[in-house]
Amino acid sequence: MKFAVIQFPGSNCDLDMLHAIRDSLGEEAEYVWHAETSLEGFDAVLLPGGFSYGDYLRTGAIAKFSSIMPEVLRFAETGKPVLGVCNGFQILTEIGLLPGALIRNNNLHFICKTVPLRVVNGNTIFTGLYEDNEVIHVPVAHGEGNYYCDDETLLKLKENNQIVFTYDSVNPNGSRADIAGIVNERGNVLGMMPHPERAVEDIIGGTDGLRLFQSIVQAWKEEQVNA
């Protein structure tokens, strides 16, 4: 399986993502610069964390207009996996692949720590190797990770089982309904604020994030068998 790691000016978690895929997962991964216009040959797209374009205007607002983004939209429309982490999640909301928005943390401070997450939906291509309601531990590092949406959108997310991860015990940023990660209605686009790529080795604190990437590979292999 081959992963594309999209690089924007200001990305700083792209190396972590590449390492997670190549070294911990044992799959192929390549950087794709934001000015490129093709994702041909890739099976999954990863939008990493960081501060794309310096977070000017607002997080993800300028990345929305990068040359690669129309291709990311087309890629998602084919049903292939798209994962946006932290700034990547913010970008996914900006381009309309996911509903809602990410705003300033309610304490107005940058947060960097490992937090407990509850797997609300274990029946997605991203969570197939987790149990429903399992509590895992994954790092967060953000200043604008407070997920917001209106009441109608929140109701729709709940009805469609689109909420995949919630913060457990303590909500670190004020997100509505403790939301940490959501998928689109089709289930092939996941945005999450916590960093699974930083939880892939015991030596750096745990491997709870590795199963997310393993789940993607498992779903892809099953699709190849059934094709």
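Just so you know, glycine gets a Cβ as well, placed from its N, Cα and C.
The annotation active site, nucleophile is assigned in Swiss-Prot to Cys86. Cys86 (active site, nucleophile) has a Cβ environment of 28 other Cβ atoms inside 10 Å.
Residues or ranges marked as active site in Swiss-Prot: His195 (among others). The C-beta environment of His195 (active site), restricted to residues of the same chain at least 6 apart in sequence and closer than 8 Å, consists of Cys13, Asp16, Gly49, Val85, Cys86, Val138, Pro139, Val140, Ala141, Gly209.
Cβ neighbour count for Glu197 (active site): 30 (other Cβ atoms within 10 Å of its Cβ, all protein chains included). Under the heading active site, Swiss-Prot lists Glu197 (among others).
Residues or ranges marked as domain 'Glutamine amidotransferase type-1' in Swiss-Prot: 2-226.
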Margin query: On average, what pLDDT score does this prediction assign to the domain 'Glutamine amidotransferase type-1' (2-226)?
Written below: 95
